[in-house]
């Protein structure tokens with residue numbers, strides 16, 4: 001698992017470092033600054049999110065590591081950025097899986113992007129307006145404070161050292177994560193969590209025949225869930241509406257165990273990145289279930 005993540009993160013970190021030294025990061029920041037201001041987020045946060053959208057969660061985190069010495073975030077803004085990473089990441093790959101499972105690539109991608117932007121903006125602006133979670137957050141620990149100071153002098157060796165420190169920290173996090181996932185499975189806790197989530201999925205309007213496999217994807221990831229929905233669709237002859245609603249649920253909330261632990265390690269709040277995300281997903285899918293009709297759903301087919 002570590003090598004799979006490292007193969008994603010290292011090229012992104014190197015690319016961002018080169019772009020920053022050439023002034024491309026600053027130029028891109030100026031371009032997207034007005035849009036990010038509407039979300040009450042700094043320009044660098046936009047670069048992190050865009051990386052996540054195309055490369056994946058770990059690609060976004062790699063970019064966050066690369067800009068950690070220059071990005072200025074409050075705790076509320078960090079949580080906003082984290083929910084945006086969790087809801088909309090790896091769109092080209094994951095929505096291709098969704099399309100193969102029976103829902104529109106463009107419709108589900110638009111759903112993820114719009115919900116990520118709206119929920120992220122809501123968290124950031126509510127934090128600012130209420131005065132909650134306004135304390136500044138330092139992310140320089142991601143590179144090691146000494147390495148960050150040395151990197152500011154322009155030393156590539158300092159960048160190599162800080163990157164090595166980051167990867168060692170990542171190795172430790174992944175080790176703990178893998179150990180936790182294995183423990184949950186051995187103690188049969190994962191199936192219990194699945195059983196607890198199933199009523200929530202049914203409450204939001206999902207077909208009972210697809211609820212169990214959707215719940216697996218919600219916990220473990222869209223790849224697993226998408227594959228299981230493909231099999232369930234063949235076995236139960238699910239109609240387009242049932243598949244679309246299940247895949248909409250899965251698109252907005254999946255990989256709850258691994259992804260949540262990763263962003264919690266960054267300092268995110270579990271009520272925002274987990275409980276709030278689930279609540280938003282339930283609400284949106286329930287609205288889709290209420291206001292979409294069987295004769296309209298084929299428009300959202302692949």
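Glycine is no exception: its Cβ is also placed from the backbone N, Cα and C atoms.
Over the domain 'Nucleoside transporter/FeoB GTPase Gate' (3-103) the predicted model carries a mean pLDDT of 85. Positions annotated as domain 'Nucleoside transporter/FeoB GTPase Gate' by TrEMBL: 3-103.
The transmembrane segment annotation in TrEMBL covers 46-66 (among others).
The transmembrane segment feature in TrEMBL is assigned to 78-98 (among others).
For 104-126 (among others), the entry in TrEMBL reads transmembrane segment.
Here TrEMBL flags 156-181 (among others) as transmembrane segment.
What TrEMBL lists as transmembrane segment is 210-230 (among others). Tertiary proximity for the transmembrane segment (210-230) is limited to same-chain residues at least six positions away from its ends with a CB under 8 Å from its CB atoms, namely 94, 97-98, 100-102, 190, 193-194, 197-198, 201-202, 236, 238, 242-243, 246-247, 249-251, 253-258.
Long-range Cβ contacts of the transmembrane segment (242-264) within its own chain (Cβ-Cβ under 8 Å, at least 6 residues beyond either end) map to 57, 61, 82, 85-87, 94-95, 98, 101-104, 108, 111-112, 115, 173, 177, 180-181, 184, 190, 201, 204-207, 209-211, 213-214, 217-222, 225-226, 229, 233, 270, 273-274, 277-278, 280-281, 284-285, 288-289, 292, 297, 300-301. What TrEMBL lists as transmembrane segment is 242-264 (among others).
Residues or ranges marked as transmembrane segment by TrEMBL: 270-289 (among others). Long-range neighbours of the transmembrane segment (270-289) within the same chain, counting only residues 6 or more positions beyond its ends whose Cβ lies under 8 Å from a Cβ of the stretch, are 79, 82-83, 86-87, 111, 115, 119, 123, 200, 203-206, 244-245, 248-249, 252-253, 256, 260, 263-264.
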Long-range CB partners for the transmembrane segment (104-126) (under 8 A, at least six residues beyond its ends), listed in sequence order, are 38-41, 49, 53, 76-77, 79-81, 83-84, 87-88, 91, 95-96, 98, 132, 244, 247-248, 251-252, 272, 276-277, 280, 284, 299-302
